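Encoded as structure tokens, the structure appears first; notes follow it.
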Amino acid sequence: MKPLAAASLALGLAGLLLAGCGLSDVPVPEPPVPGTSLPANFPAPVYALDANPPNAAAFALGRSLFYDARLSRDGSVSCGSCHQQFVAFANAGHRLSHGVANRLGTRNAPALQNLRWKSEFFWDGGPKNLETLPLAPLTNPLEMDETLPHLLAKLNADPDYTRRFVQVYGPGPINSYQFLRALAQFTAALTSASSRYDQVARGEHGAVLSAAEQRGRVLVAQQCASCHATDLFSDESYRNNGLDATFGADSGRAHITARAADVGRFKVPSLRNVALTAPYMHDGRFATLEQVLAHYDHGVVASPTLDAALRPAGGPLGIPLTAAEQADIISFLKTLTDDAFVHDQRLAEQP
Amino acid sequence: MKRFSISICTLALAALALTGCKKDGDMPANQVGTVDLAFEQTVGTAPLALSTQTYTTPAGDQFKITTFKQYISNIKLTKTDGSVYAVPNSYYLLDAAVPATQELALKDIPVGDYKALTFTVGVDSARNVSGAQTGALDPNNNMFWTWNSGYIYTKLEGTSPQAPKAAGATEGGLVFHIGGFLRPNNTIRTVTLPFPTGTNLLIRTDHAPEVHLNADVMKMFTGPNTIRFATLSNTMGGANSVLVANNYAAGMFSVEHIHAN
């Protein structure tokens, strides 16, 4: 009785599976969607896996959108133009980035990594959801300069996109919801957690740090981790790190909050892959990590909103670091480079 | 043994199902009806006519309105016994240029006698940051700020001879984009309108009542804060938007009448 029941159950299930797939085409197993496992050394994500459950076809759709220059008004710029995988999806060698018609933006393009763990985006925290974030660069006249209705019309006129959206989201024209959800399938998949530092932190593969890297790790924990906190290496706060005395060109967080207390404060960026993401700061003013550390050592400028961490009682502004300490810190920062991430073919533009 | 346990299971399920059915049939609370909320805009006492009509504020500024769009959300109905029914997922975008958008058909309202209507002018803070949306909240409705996530709750655009204008022009533009949910510039406002004395809203299974509501657009510019277009003609969130929100919370909306139907 029991074996028979089990057998009929198995047959029934097999029948269901066959009916679902169609008898003729044997499905090729999809490679797993990147970023579907949550790193053990990370906190709980903001954009949970079940918020937009990873799906191979939806992820591939999002990837196509990310690399498609037709998303810009004149077809000249894609998301990937200014967010290049080989530099952790920052813009290599660009203080500021070029939008359509070679227009120059106003801020340095940040790395796109571990976005699943962020509740506010950009240097000023304006966009507050991973799904709606892309609407900003898509419509910014200095970036992609497109309108959402026109963009959707272009997608709906493309037979390949319409076929693929129907496959994932069912029949009907492509709408903004489907477009934004598909794009988020890709952006949420950009998890960088395979650096040598991560392997050490998780005790994997017998990875170790050199003496200099280890000294740098201790220094970062002591001197930098009040802002570059947790294994995400940012506390996601907005701080004035003493770049200028006034902030007429870019008020930073105050652009969003309109509060005087927020003038000159910018989002603390992650240190992950920082060796790849030059130039640095919201305006890309520093070309090297050496310049960045020199700034913290002796370049910090006073202003009313300068962060308290850079105003030690009775001492000079900034974080005093000897040349040897700076070198050790940079040695450690290089262990945060995630080669597997920047070379993951699944995240690359597909032929 | 196995068969026996299956039978018990089946019986238990059947019992559960029966209990569920019985409850549904006997409880009047589960009977539902519909109500339509019919919105209309006036400017003072004159009907809102887009682009053609010139209006004058009590302070003496002339203006025309070319666009008027407004979110009404989180609708609640209060029964005469004081209990409140919140209409789930109630988000509507009124557009003065599209009459159909001004008729809000509320379904599955528990039958009963209701004495007041409450709604949010705008969108609750949670939905401002909830990611991709459909329907009234679709960012494709051109009511979503991309650079600072959040909806424009009320959008009034137009012209005024008093507004700052380009050299040689006779009129300047009016851009009142009221939105924002972060303190101190939160512009989400909730309005409660008691139904006129002696006229409760009766929701029944066999009636389709209509509540006619008026929104006096002039109230954006008068009330607690007098808005003069020479000094304020363009706001997209922030402290000036709060002035306008406080104005419209103080008396823009009124219940005209209820059709029992």
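Glycine residues also receive a Cβ, built from the backbone N, Cα and C atoms like all the rest.
Because TrEMBL annotations are produced automatically, they should be read as predictions rather than curated entries.
Positions annotated as heme c 1 binding site by TrEMBL: A:CYS79, A:CYS82, A:HIS83. Taken from TrEMBL, the feature heme c 2 binding site applies to A:CYS224, A:CYS227, A:HIS228. According to TrEMBL, the feature domain 'Cytochrome c' maps to A:211-337. Residues or ranges marked as signal peptide by TrEMBL: A:1-19.
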Least Cβ-crowded entry, counting other Cβ within 10 Å, from the binding-site residues listed as A:CYS79, A:CYS82, A:CYS224, A:CYS227: A:CYS227
Cα distance (Å, whole number) from A:HIS83 (heme c 1 binding site) to A:CYS224 (heme c 2 binding site): 26
PLDDT averaged over the residues of the domain 'Cytochrome c' (A:211-337): 97
Cα separation, A:HIS228 (heme c 2 binding site) to A:HIS83 (heme c 1 binding site) (Å, whole number): 22
Neighbourhood of A:HIS228 (heme c 2 binding site), C-beta criterion under 8 angstroms, separation at least six: A:VAL220, A:SER234, A:ASP235, A:VAL268, A:SER270, A:LEU271
All-chain count of other Cβ atoms within 10 Å of A:HIS83 (heme c 1 binding site): 23
Cα-to-Cα gap, A:CYS82 (heme c 1 binding site) vs A:CYS227 (heme c 2 binding site), nearest whole Å: 26
Alpha-carbon distance [A:CYS227 (heme c 2 binding site); A:CYS79 (heme c 1 binding site)] in Å: 28
Residues in the domain 'Cytochrome c' (A:211-337) grouped by DSSP into helix, strand and remaining coil: 46 helix, 10 strand, 71 coil
